[in-house]
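Annotated in TrEMBL:
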BINDING   Thr60, Asp85, Ser124  S-adenosyl-L-methionine binding site
Amino acid sequence: MGKQEKIVSMFNDISGKYDIANRVLSMGIDKSWRNKACKLAFDFYGKNRIEKIADVACGTGDMIDFWLKIAKQNRIEVENIVGIDPSVGMMDVAKKKLPEVEFIEAGAANMPLESESTDIISISYGIRNVVQRQEAFYEFARVLKTNGLVVISEFTKNEKNSPIDYLTDFYMNKILPTLGGMITKNKEAYTYLPNSIDEFLTTDNLCKELKEAGLEPIYTKAFSMNISTLIIARKV
Ligand SMILES: C[S@@+](CC[C@H](N)C(=O)[O-])C[C@H]1O[C@@H](n2cnc3c(N)ncnc32)[C@H](O)[C@@H]1O
């Protein structure tokens, strides 16, 4: 099995326990990160009628839930929202929660969406898992309308230099794998999480890759002691 297949198979394996593990491990703060991502993206986009949002690496559908909720709160009409993920197990959980939403089995680098068809593409805590990352950014640029937005939420790599960074590091490397392993009975998946963050790019390098694909970063911000970073880029 190749690296990408192994990652997808790991998500299939933990899919039934993913939501509960997520709530416990993030202690609910991911809700505020998701809220901010959706709210800011709608503000930047500035339209009250949106034809299509594609949530890539949608997993169990959490981000789609937030898009719909925040759109409603802000009286924004979203005509179509689609979830895309190569893990059928994760999307089976999503389908139960969001029966009205369309889900498509596909990877980020090769999506069955028409060129220039989509207003907003989101990918939350997913880009780290995409092995063909640069290809995925080109694919996002193909699918987006001009001025369309890519909204990336991710645990990006931090240069460790403050005592707080060591504390979050301890949580991610020691507490999280143990707790995550207990909840899902798959410790490997929750050891993969901190390792994949360590191996991942810094925000600056991620922005460089986006630019390379024609996606111009317009907003970057790290939340909650730099644990989660939000990047919004616009297709130029
Ligand atoms: C940590 S989960 C995040 C799920 C959801 N976006 C959230 O915010 O809770 C990562 C997801 O990335 C998906 N994934 C893995 N490889 C992928 C790829 N090449 N393209 C798109 N999604 C991928 C996994 O199947 C998994 O559902």
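Placement of Cβ uses the backbone N, Cα and C atoms for every residue, glycine included.
Automatic, uncurated: that is what TrEMBL annotation is.
Within its own chain, Asp85 (S-adenosyl-L-methionine binding site) has Val56, Ala57, Cys58, Gly59, Met91, Ala94, Phe103, Glu105, Ala106, Gly126 as residues 6 or more apart in sequence whose C-beta sits under 8 angstroms from its own.
Thr60 (S-adenosyl-L-methionine binding site) falls outside any helix or strand according to DSSP and counts as coil. Taking the Cβ of Ser124 (S-adenosyl-L-methionine binding site) as centre and 10 Å as the limit, one finds 25 other Cβ atoms among all the protein chains shown. For Thr60 (S-adenosyl-L-methionine binding site), the same-chain residues lying six or more positions away in sequence with a CB closer than 8 A to its CB are Ser15, Tyr18, Asp19, Met90, Met91, Val93, Ala94, Lys97. Neighbours of the S-adenosyl-L-methionine site: apart from Thr60, Asp85, Ser124, residues of the same chain with C-beta atoms within 8 angstroms of the site's C-beta centroid are Asp55, Ala57, Cys58, Gly59, Gly61, Asp62, Met63, Gly83, Met90, Ala94, Tyr125, Gly126. Taking every pair among Thr60, Asp85, Ser124, the residues recorded as binding S-adenosyl-L-methionine, the greatest CA to CA distance is 12 Å.
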